[in-house]
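Here is what TrEMBL says about this protein:
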TRANSMEM  12-30  transmembrane segment
TRANSMEM  42-64  transmembrane segment
TRANSMEM  76-100  transmembrane segment
TRANSMEM  120-142  transmembrane segment
TRANSMEM  162-183  transmembrane segment
TRANSMEM  203-221  transmembrane segment
TRANSMEM  233-257  transmembrane segment
TRANSMEM  277-297  transmembrane segment
TRANSMEM  332-354  transmembrane segment
TRANSMEM  360-377  transmembrane segment
TRANSMEM  389-410  transmembrane segment
TRANSMEM  416-434  transmembrane segment
Amino acid sequence: EEAIFLRKKITLLRAFSLLIGSMVGSGIFISPKGVLKNSGSVGFSLLVWFSCGLLSMFGALCYAELGTRITKSGGHYIYILETLGPLPSFLFLWAEFFAIRPANSAVVSLAFGRYMLEPFFAPCAAPVPAVKLVSLLGYYTVLTLNSWSVTWSARLQTALSIVKLLALALIIVPGMMLLAQGHTENFQDAFDRQSLVLDKLPLAFYAGMFAYSGWFQTGFVREELVKPERNIPLAVIVSVITVIVGYMLTNVSYYTVLGTEDVLASPAVAVSFVQRAFKSLISVVPVLVALSCFGTMNGGIFTFSRTLFVASREGQWPPLFSMIHIRRHTPLPAVMLMFPLVTAMVCIGDIYHLLNFFSFSRWLFIGLATLGLIVHRCRHPELHSPFQVPLFVPVSFTIICLFTVAMSFYSDPVNISIGCTIVLSGFPVYYLIIHRQIFLPFFSILSDYLTHKLQLLLEVVQQEIKTY
């Protein structure tokens, strides 16, 4: 009896929780090892963490302006489509579906499984098959919740954001107490230039930026935000500053308690920290970290399903995925689509190889999206956005992103080449099916048949009104 469309249920508090919940996840608990390994020393690793935070703020401000200029949901995809055209937006969609998003979800899921099982097997490492099984169970739980209710997904994100900040506080407080007592021995020769390898720095930045990734999430749910012109910039600025401060203090705490050898040898840095500094909480902190990863999985599914939803509505993805459940008002088909690929990557993947694998494609397209902001300003000087950043912000962010992507070919040529190949493989698909539409009649007949059957099975229909 009601109109079928996505409701505006994301308030300022929920937007803030979505950003905090997406940024503070597995990254701060697994990336310190990757940052330290590729930066070479404690001092340079802290510089990388701060630089990644500053770079994330630049990117977040650019996306805040894009979110006030372009009123559709879809994040990177819709920004590239509206500013640079259909080909780069389709290539992003192709890479996002087959590489970026499933690899990212697999990394977070594996971190969830590892930390959830760590208290039960300490001091030994948890068996890999058990970690993967628990990882998949956690991912499937979040998938079910997002299929069931937008409201409950948002409420869970708010609750888990508090848990995330509590987990950071439990690491920061004992570390700062020890530092205040004079335990500075691990910061001796912090900037050892002999251990710095310049061609590995892009991988250090990838690990750091992975920990901060999530500052762009409000753009994916723009049509579901209450007062987006005000709430997007406000939520972005407050959340990114909060995370930068929290991450810097957390890393200082890590290094106060653990030496560089301990960080590099640890499969779960936060657990090693608690074993050394706060043994009474040895079984509590890993669970809090696991719940933190759980919140990141929830935010990732919530936002990426909107990308598929918008791409389908724009005609670059099968029409089934722009449909909404008639009672739940959730984009059910789009939510469920990532199920097989994430399952496969969790079963066969390793966290650090997956991290480099998807980072190339992600930062390439984020750089293109902010380049699109510059192009959009030049093409439409008459448009006055309610929120506008100085031009040097998108220019510098774009240059840094594209330079880091280019440098990464020297740092990890195998994984980066795989990511590049996946992006380029979208060219013939776009040319044959979307641009020239050579195989479109065949696909249309097959798609119409499957869409009708799945529509009846899943109880979904097209959105009845446009909210953008």
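Glycine residues also receive a Cβ, built from the backbone N, Cα and C atoms like all the rest.
Automatic prediction, not curation, is the source of TrEMBL annotations.
Residues of the same chain lying 6 or more positions beyond the ends of the transmembrane segment (120-142) and with a Cβ under 8 Å from any Cβ of it are 105-106, 109-110, 112-114, 267, 271, 275, 282, 290, 293-294, 297-298, 301, 339, 342-343, 346-347.
For the transmembrane segment (233-257), the residues of the chain that approach it from at least six positions outside its boundaries are 12, 15-16, 18-20, 23-24, 28, 32, 42, 45-46, 49-50, 53-54, 56-57, 60-61, 63-64, 68, 165, 168, 171-172, 174-176, 178-179, 183-184, 186-187, 211-212, 215, 218, 263, 269, 273, 276-277, 387, judged by C-beta separation under 8 angstroms.
Recorded stretches compared: 12-30, 76-100, 162-183, 360-377, 389-410; the one with the most Cβ pairs under 8 Å to the transmembrane segment (42-64) is 389-410.
Per-stretch counts of Cβ pairs under 8 Å to the transmembrane segment (162-183) identify 12-30 as the leading one among 12-30, 203-221, 360-377. Spatially, the transmembrane segment (12-30) is not adjacent to the transmembrane segment (360-377); fewer than three Cβ-Cβ distances between them are under 8 Å for residues at least 6 apart in sequence. Looking at which of 76-100, 203-221, 389-410 has the most CB pairs under 8 Å to the transmembrane segment (360-377), the answer is the stretch 76-100.
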